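Student: Pasting a structure below so you can have a look.
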Amino acid sequence: MSSTTLGMILFLTFVAATLGITYWASRQTKTAADYYAGGRSFSGVQNGLAIGGDYMSAASFLGIAGIIALSGYDGFLYSIGFLVAWLVALLLVAELMRNSGKFTMADVLAFRMSPRPVRTAAGVSTIVVSIFYLLAQMVGAGALVGLLLGITGEAAKAWTIVGVGALMIVYVVFGGMKGTTWVQIVKAVLLMGGAALVTVLVLGKFGFNLSALLGQAASVSGPEANPQSFLSPGLKYGTEAQGLAGKIDLISLGLALVLGTAGLPHILIRFYTVPTAKDARKSVLWGIGIIGVFYLLTLVLGFGAAALVGREAIAAGDAAGNTAAPMLAQAIGQEIFGDVGGTLLLALIGSVAFATILAVVAGLTLASSSSFAHDLYAHVFKRGQASERQEVVVARISALVIGAVAIGLGILAQGQNVAFLVALAFAVAASGNLPAILYSLFWKRFNTAGAVAAIYGGLVSALLLVIFSPVVSGGPTALFKTADFAWFPLSNPGIVSIPLGFLCGWIGTVLSKEYNAAKYAEIEVRSLTGVGAEKASEH
Amino acid sequence: MTTKEHDASVYEHMQESSEFQDLKRRFRRWTFPMTVAFLAWYLLYVLLSGWARGFMAVELVGHINIGLVLGLLQFVSTFLIAWAYSRHAEKKLDPIADKLRHQVEEKTK
């Protein structure tokens, strides 16, 4: 049996199991709290796994392993930013948000502000961030199928995107948060298991001597002139050739990674799926443990691929290195267990990668459709007069529409270099959402004008700076290769747009006289003590 | 409308109470400096990766260099801070928060 057939069987088993879960979840989903927040009845451990499932995207599994395999140490910089970011979420956001919000990020912001402008801004920002992230994953899915299943041609890639999109719509529309959370949990367990298995095999081959693994990685895949430079920073980000701008770009990327996580809408709504703030804390603790261990595994996978498969073979498979992990699985399996082992491990890692993409896109679709229905439809269009039932119907329809839009855009963007969209989503989240969230939780004087200014200021500045960056025009790797309107030298806008978002929030606030002492007292007391926090629903 | 006004005054009353101020202080005094500390430590690591590459490349044991050790220490510090926060919250914050929550819930019933 070929690895393609076996991979398909494993993947279809995952699909069948998750569809079963979705069917079960759909029968349990009755109220708005069920649909948006899974009835708030997940335990801390379950939600911790789901946080890992939502966060460990194909970009971090295949992408980081690929960057390490091709450029060595620099891939590690990415995973560190992604991990440390969780401390912001744990210390400043998770519990307070669970205590003061209901279904979406905007609930916290709208608490003491004029609801319509704030919800509009937060809804727009949620949808923009989620769609960027979603698009990057969809295009990645199309590219991955070609590489893993050996299928070439635009039509096959387009059909893959349609298939992934259709499944994600089914999970979200029928399963709601309950179904989606279980899909994340199953995926997190599979991903951790698969990555751990390959890691142990790779380390075992080197007698569990990390230094020996690194040495071979450098000598096989390092630059000829100086192989050891493969093991220290500087081959990809802020290379000496890029000069000062490249190094500032590195800091800019680091800032967006570390501050973006606590502003990502699909991560924030995870805190609502548990019964209390203490469970939210516990789930982030579990999330940090799982994600941290996972990034340590990708470190071994990346250097393992560099040592055992080699930079050249990996780059030939995919210029961005996305196939490093699957190729490593095949190589190590073959070496230890023969041909059957290679086939088996490749099939396993390939199907885990698909499960990963599927789960992440479902989480993003849920976040954006929830915000559309709860913030824009129920509170802005209907001014809070929509019934729960209407709201959930609209949420389901918008999940369908957003899913269809993502499929369409994913097919159109096929073959484009859209990897920058993930970094851009983090930059927008850090520049617009994070200032608004932190100010509303901690700054007494903060008001509607400030919230609106922070969100739009951060969102628009991050977008504009990227449009005028080398990512979009003026270079061989740019989106538009022939045009050149790149006057902003950095690919990552964070170092400018994050301070600008905070500044806009401050200016907006002091320019407006609005201040509601009673409402501030209420959100402060509620967020710290949990008074009046939404309860888990009874089943 | 009367219940809302009643609620609001309960919250403002609670906000002014010394016990709540104590809870708020305990929360902020731990989380704010710690946030500054881990962000500074992370930024230092990124700066070293950009401007101190010779230093990062110094090998300590075999092929394991300072850059790798510093990166792994970021993992260790993240795990330790997360663990320390949960202990702080359980011991110093949760008991007061629970007590104040019951008080407010009694009054707003």
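Glycine too: its Cβ is placed from the backbone N, Cα and C atoms.
Okay, these came from TrEMBL:
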- A:6-26: transmembrane segment (TRANSMEM)
- A:47-70: transmembrane segment (TRANSMEM)
- A:76-97: transmembrane segment (TRANSMEM)
- A:118-136: transmembrane segment (TRANSMEM)
- A:156-176: transmembrane segment (TRANSMEM)
- A:188-208: transmembrane segment (TRANSMEM)
- A:250-272: transmembrane segment (TRANSMEM)
- A:284-309: transmembrane segment (TRANSMEM)
- A:344-372: transmembrane segment (TRANSMEM)
- A:393-412: transmembrane segment (TRANSMEM)
- A:418-442: transmembrane segment (TRANSMEM)
- A:492-511: transmembrane segment (TRANSMEM)
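Would you situate these features in the structure and describe their surroundings?
Tutor: Sequence-distant contacts of the transmembrane segment (A:6-26) (same chain, at least 6 residues past either end, Cβ-Cβ under 8 Å): 148-149, 167, 170-171, 174-176, 178-179, 182-183, 186, 190, 343-344, 346-348, 350-351, 354-355, 358.
Listed by sequence, the residues of this chain that lie at least six past the ends of the transmembrane segment (A:47-70) yet keep a Cβ under 8 A from its Cβ atoms are 76, 78-79, 82, 133, 136-137, 140-141, 144, 181, 183-189, 191-192, 195, 221, 236, 261, 266-267, 270, 273-274, 279-280, 282-287, 289-291, 294-295, 298-299, 301-303, 305-306, 309, 311, 314-315, 318, 320-326, 328, 353, 356-357, 359-360, 363, 419, 422.
Below 8 angstroms of C-beta separation, residues 57, 59, 104-106, 109-110, 263-266, 361, 364-365, 367-368, 371-372, 375-376, 379-380, 402, 405-406, 409-410, 413, 418-419, 421-422, 424-425, 428-429, 432-433, 436, 448, 451-452, 455-456, 459, 463 of the same chain, each at least six residues beyond the ends of the transmembrane segment (A:118-136), sit close to that stretch.
Sequence-distant contacts of the transmembrane segment (A:188-208), counting only residues of its own chain at least 6 positions beyond either end whose CB sits under 8 Å from a CB of the stretch, comprise 14, 49-50, 52-53, 56, 61, 216, 290, 293-294, 297-298, 300-301, 304, 307-308, 325, 328-329, 332-333, 335-336, 345, 348-349, 352, 355-356.
Residues 44-45, 47-49, 51-52, 55-56, 60-61, 64-70, 72, 75-76, 79-80, 82-83, 86-87, 89-90, 94, 188, 191-192, 195-196, 198-199, 202-203, 205-206, 210, 213-214, 216-218, 220-221, 230, 271, 324-325, 327-328, 331-332, 335 of the same chain lie 6 or more positions beyond the ends of the transmembrane segment (A:284-309) yet place their CB under 8 Å from a CB of it.
Long-range contacts of the transmembrane segment (A:344-372) within the same chain, counting only residues at least 6 positions beyond its ends with a Cβ under 8 Å from a Cβ of the stretch, are 3-4, 6-11, 14-15, 18, 36, 53-54, 56-58, 61-62, 103-106, 122-123, 126-127, 130-131, 133-134, 137-138, 140-141, 144-145, 148-149, 164-165, 167-169, 171-172, 176-177, 180, 183-184, 186-187, 190-191, 194-195, 197-198, 265-266, 269, 325-327, 329-330, 332-333, 337, 394-396, 398-399, 402-403, 406.
Long-range neighbours of the transmembrane segment (A:393-412) within the same chain, counting only residues 6 or more positions beyond its ends whose Cβ lies under 8 Å from a Cβ of the stretch, are 35-36, 127, 130-131, 134-135, 138-139, 141-142, 158, 161-162, 165-166, 168-169, 172-173, 361, 365-366, 368-370, 372-374, 377-378, 386.
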Student: Please give the sequence-distant neighbours of the transmembrane segment (A:418-442): residues at least 6 beyond its ends with Cβ less than 8 Å from one of its Cβ atoms.
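Tutor: Apart from its flanks, the transmembrane segment (A:418-442) reaches 57, 59, 63, 88, 92-93, 96-97, 100, 105, 108-109, 111-113, 121-122, 125-126, 128-130, 132-133, 135-136, 139, 253, 255-257, 259-265, 268, 320, 450-451, 454-459, 461-463, 466, 471, 491-494, 497-498, 500-502, 504-505, 509, 523, 527.
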Student: Go through the chain and flag residues at least 6 beyond the ends of the transmembrane segment (A:76-97) whose CB is under 8 A from any CB in it; none is fine as an answer.
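Tutor: Here the qualifying positions are 55, 60, 63-64, 67-68, 108, 233, 237, 250, 253-254, 257-262, 267-268, 271, 277-278, 280-281, 283-285, 287-288, 291-292, 295, 298-299, 434, 437-438, 441-442, 527-528.
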